[in-house]
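Trainee: Please read through the structure below; I'll follow up with questions.
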Amino acid sequence: MKVGVLTGGGDCPGLNAVIRAVVRKGVQEYGYDFTGFRDGWRGPLEGDTVPLDIPAVRGILPRGGTVLGSSRTNPLKQRDGIRRIKDNLAALGVEALITIGGEDTLGVATRLADEYGVPCVGVPKTIDNDLSATDYTFGFDTAVGIATEAIDRLHTTAESHMRVLVVEVMGRHAGWIALHSGLAGGANVILIPEQRFDVEQVCSWVTSRFRASYAPIVVVAEGAMPRDGDMVLKDESLDSYGHVRLSGVGEWLAKQIEKRTGNEARTTVLGHVQRGGTPSAFDRWLATRFGLHAVDCVHDGDFGKMVALRGTDIVRVPIAEATARLKTVDPALYEEVGVFFG
């Protein structure tokens, strides 16, 4: 049996661990042949492939990024995109497809399976940790570790100059990275997309820290919005899935704090550094388990499913169900950590 593998959407630490596990188990236990598709959905759209065998995945476990490349190519925006993918898979002799990605990549896989009957298995990937069907996605733990280390380092420079430091982290619709890293890093204010924030309240918290001779750290998710206003954007261009490229709320907030409190404020936007570099031990562990179970899905003929973490178990859920809604921060959880604000 020949199985195709692709990685779509934004890269994140742990992708190579999935690929390695898929190939190792698929070859050694089931005797499968593997074909890698380059750059997400562009690969099957254009028939751009790379051989995947055990030598090809040797040594990639600790590497960040993806050896297959990735992109935000959207076949649904291409003329006859889904049909072209089906035809190319048939021409290459690919009998099943393992798609590793977030809601957009997996959404295309759902269409491919539903409309053309292409056997697909999904593996969830997003550093935002916002897919509802799984407790955690790989890449999230690494991103939180990177953000926490940055916050730790920024405390010392904030104290040296007695200024406010606003740290902008990733999180379009969900504030998991902001909440976890902010709490772990001892931030004095944490702002998330799920809860619109009051700028005056933020300034009050900041001022209270200065009264205690302490330089405050404000952690804000890129998708956070002020109570009276809209999302702050530097760039209003869209990607191929219609998503705005976020960034700008941190800089805007720092200016508001400086203007309203009279205290000097600076912004650090962590950006893509959260997605890069060596995956954490947990992300390697989780990604490897996802890869092993994805191959089992193929072997069992259990298509249209996505592997997911529930407690310590890897389970199978319908891809359509997994992408139907986002997993966001519960208001009660956000209120729980509010004791540390100000």
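Cβ atoms here come from the backbone N, Cα and C positions, even for glycine.
So Swiss-Prot has the following annotated:
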type	residues	note
ACT_SITE	ASP128	active site, proton acceptor
BINDING	GLY10	diphosphate binding site
BINDING	GLU103	Mg(2+) binding site
BINDING	THR126, ILE127, ASP128, ARG163, MET170, GLY171, ARG172, GLU222, ARG266, HIS272, VAL273, GLN274, ARG275	substrate binding site
SITE	ASP104	site 'Important for catalytic activity and substrate specificity'
SITE	LYS125	site 'Important for catalytic activity'
Trainee: Find the longest CA to CA distance in the recorded substrate-binding set THR126, ILE127, ASP128, ARG163, MET170, GLY171, ARG172, GLU222, ARG266, HIS272, VAL273, GLN274, ARG275; express it in Å as a whole number.
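Mentor: The two farthest binding residues have Cα atoms 33 Å apart.
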Trainee: With a 10 Å radius around each C-beta, find which of these recorded positions (GLU103, ASP104, ASP128) has the fewest other C-beta atoms nearby.
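Mentor: Fewest other Cβ atoms within 10 Å, among the recorded positions GLU103, ASP104, ASP128, is found for GLU103.
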Trainee: How many neighbouring Cβ atoms, not counting its own, are there within 10 Å of the Cβ of THR126 (substrate binding site)?
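Mentor: For THR126 (substrate binding site), the count of other Cβ atoms within 10 Å is 28.
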Trainee: Same chain only, sequence gap of 6 or more: which residues have a CB within under 8 Å of the CB of ARG275 (substrate binding site)?
Mentor: GLY10, ASP11, CYS12, PRO13, GLY64, ILE127, GLY139, ALA143, MET170
Trainee: Expressed to the nearest Å, what is the distance separating ARG266 (substrate binding site) and ASP104 (site 'Important for catalytic activity and substrate specificity') at their Cα atoms?
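Mentor: A Cα-Cα distance of 34 Å.
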Trainee: According to DSSP, collapsed to three classes, what secondary structure does ARG266 (substrate binding site) have?
Mentor: strand
Trainee: Cβ neighbours within 10 Å, counted over all protein chains: which one of the recorded positions LYS125, ARG172, ARG266 has the most?
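Mentor: In terms of Cβ crowding, the pick is LYS125.
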Trainee: Cβ-Cβ under 8 Å from VAL273 (substrate binding site), same chain, 6 or more residues apart: which ones?
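Mentor: Set apart from VAL273 (substrate binding site) by at least 6 residues yet with Cβ under 8 Å, we have ILE146, ALA150.
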Trainee: Can you tell me the CA-to-CA distance separating ARG172 (substrate binding site) and the residue listed as 'Mg(2+) binding site', as a whole number of Å?
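Mentor: One finds 13 Å between the Cα atoms of these residues.
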Trainee: Calculate the distance in Å between the alpha carbons (Cα) of the residue listed as 'active site, proton acceptor' and the residue listed as 'Mg(2+) binding site', and round it to a whole number.
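Mentor: Given the Cα positions, the residue listed as 'active site, proton acceptor' is 11 Å from the residue listed as 'Mg(2+) binding site'.
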Trainee: Could you tell me the C-alpha distance between ASP104 (site 'Important for catalytic activity and substrate specificity') and LYS125 (site 'Important for catalytic activity') in angstrom, no decimals?
Mentor: 11
Trainee: Under a three-state reduction of DSSP output, how is LYS125 (site 'Important for catalytic activity') classified: helix, strand, or coil?
Mentor: strand
